[in-house]
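As recorded in Swiss-Prot, the features of this protein are as follows:
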BINDING   T138, V139  K(+) 1 binding site
BINDING   T138  K(+) 4 binding site
BINDING   V139, G140  K(+) 2 binding site
BINDING   G140, Y141  K(+) 3 binding site
CARBOHYD  N94  N-linked glycosylation site
REGION    138-143  region 'Selectivity filter 1'
REGION    346-351  region 'Selectivity filter 2'
TRANSMEM  43-63  transmembrane segment
TRANSMEM  153-173  transmembrane segment
TRANSMEM  304-324  transmembrane segment
TRANSMEM  358-378  transmembrane segment
Amino acid sequence: MEAEEPPEARRRCPEALGKASGCCPEAPGKARGCCPEALGKLLPGLCFLCCLVTYALVGAALFSAVEGRPDPEAEENPELKKFLDKLCNILKCNLTVVEGSRKDLCEHLQQLKPQWFKAPEDWSFLSALFFCCTVFSTVGYGHMYPVTRLGKFLCMLYALFGIPLMFLVLTDIGDILAAILSRAYSRFQALLCLPRDISKWRPLLLCRKQTDSKPADEAIPQIVIDAGADELLDPQPSREPASPSCNVELFERLVAREKQNELQPPMRPVERSNSCPELVLGRLSCSILSNLDEVGQQVERLDIPLPVIALVIFAYISCAAAILPFWETDLGFEDAFYFCFVTLTTIGFGDIVLVHPHFFLFFSIYIIVGMEILFIAFKLMQNRLLHTYKTLMLFVCQREVSLPC
C-alpha cells in the first residue's frame with residue numbers, strides 16, 4: 001500500500017504545481033488585469049496604422065478618379081502641336097550639311113515636357129496608391145505627379161493631412177523599435193559582460209526625468225487630522241498642551257484649507273479591480289490615454305552607440321537591395337541600394353524609375369520601419385553633435401577665463 005500523504009503536503013501541492021507550471025492561483029486575475037494594459041499599448045499604434053492605410057486607399061480612389069479620366073483638351077494641346085511643328089521644320093534640313101541645325105534640334109528637344117505624354121491609363125488604382133504613399137511619406141520621386149488643376153489642389157489638401165498622420169505613425173512605431181533595439185543591445189552587453197555605464201550623452205534628459213517625477217505627490221493636497229495636526233501646520237510647535245482657543249483656530253484653518261481644495265477641479269479616481277468586469281473598459285481607456293501621453297518618449301530615452309545603429313541600417317538596406325532586382329531586372333545591387341537609401345531618407349530624386357511599382361507597394365511596411373530607423377539614427381547623431389558642441393564651447397570658455405587680462 002502506498003503511504004498516505006500528510007495534509008500539509010497536499011496543501012502545498014497546488015502551489016508547487018502552480019509555480020512549476022509558471023502559473024499560480026492569482027494568475028487568472030493578473031492575466032485579466034494585464035490584458036487591458038497590453039491592449040492599451042497596442043491599440044493606439046494599430047489605430048494610427050489603420051487610419052494611414054485607409055487614408056492611402058481613399059486617396060488612391062480620388063486620384064485615380066480625377067487624374068485617370070480622359071481630358072479632351074489634352075489631345076489637342078497647342079503647346080505640343082507647336083513643339084512638333086518646329087521639330088518637323090528642323091528635321092527637313094540636311095543635318096550633314098547644316099551643322100547648326102543639329103544644335104537647334106538639341107536645344108529644342110530640351111524643351112520637351114513630360115506631362116504632354118501623360119495618359120489617363122497611367123493612373124490606375126495601384127499607381128495612384130503608390131503616388132499617395134510618396135506624397136504623405138514626403139519622398140516625392142517626381143516622375144508621377146498630378147497634371148489637372150483639380151488634381152493639384154487635391155494633392156495639396158491631401159498632403160496637409162497625410163504628412164502629420166504619417167509622422168504620428170512613425171513616432172508610435174519608433175517607440176516599439178527603440179524598445180526592441182534597447183533590449184537587444186542590453187542582451188548583447190550581458191552576453192559580452194560589458195559594463196552598463198550611465199550615458200553621458202543625455203544629461204538633460206535625466207534631469208528632466210527627475211524633475212518630472214517630483215511633483216507627483218506634491219500636486220495632490222492631503223489633509224491629515226490627528227494628534228499631530230498642529231505640528232504639520234506650525235513649523236515650530238510648542239511643547240505645551242494645546243488650549244481650546246488653539247483647537248478652534250486649528251479647526252478654522254483646516255476648514256479654510258478644505259474649501260481651497262474644493263475650488264480645484266476634482267481628480268477622478270481610477271479604481272482597479274480584477275474581479276469586476278465592468279471596470280475593464282475604464283482601465284482600458286486609462287491605459288490608452290497614458291500610452292498616448294508617452295508617445296515618442298521611448299525614442300528620447302534610447303541611447304545606443306552609433307556604430308551599432310549604422311550596422312543595423314546597412315543590413316536593413318542591403319536586404320531590400322538584394323530582393324528588389326528580382327522583379328526590377330534593370331537594377332543591380334548598387335542601384336537598388338542607392339534607390340532604397342534615397343527612398344528611406346525621403347530625398348526622392350526620381351532619377352531611378354521603377355518599372356513595376358505595384359510590387360514595391362508590398363514594401364510599404366519596409367519603408368515605414370526603415371524611415372523610423374533612420375530617424376532614430378539621426379536623433380542619436382544629433383545628440384552626439386550637441387554634446388560635442390557643448391564640450392567645445394565649455395573648453396573655449398574655460399580657456400578665455402584662464403587667459404590673463
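Glycine is no exception: its Cβ is also placed from the backbone N, Cα and C atoms.
Here the region 'Selectivity filter 2' (346-351) is broken down by DSSP into helix, strand and coil counts: 0 helix, 0 strand, 6 coil. Neighbour list (V139 (K(+) 1 binding site), Cβ cut-off 8 Å, at least 6 residues apart, same chain): C133, T343, T346, I347, G348, I367. Each of the binding-site residues T138, Y141 was scored by the number of other CB atoms within 10 A of its CB, and the lowest score belongs to T138.
Through the fold, the region 'Selectivity filter 1' (138-143) approaches residues 114, 163, 166, 343, 346-350, 353, 367 of its own chain, all at least 6 residues removed from its boundaries and within a Cβ separation under 8 Å.
Helix, strand and coil residue tallies for the region 'Selectivity filter 1' (138-143), in that order: 0 helix, 0 strand, 6 coil [DSSP]. Summarising model confidence by region, the region 'Selectivity filter 1' (138-143) averages a pLDDT of 83. For G140 (K(+) 2 binding site), the same-chain residues that are 6 or more apart in sequence and have a Cβ closer than 8 Å to its Cβ are T134, G348, G350.
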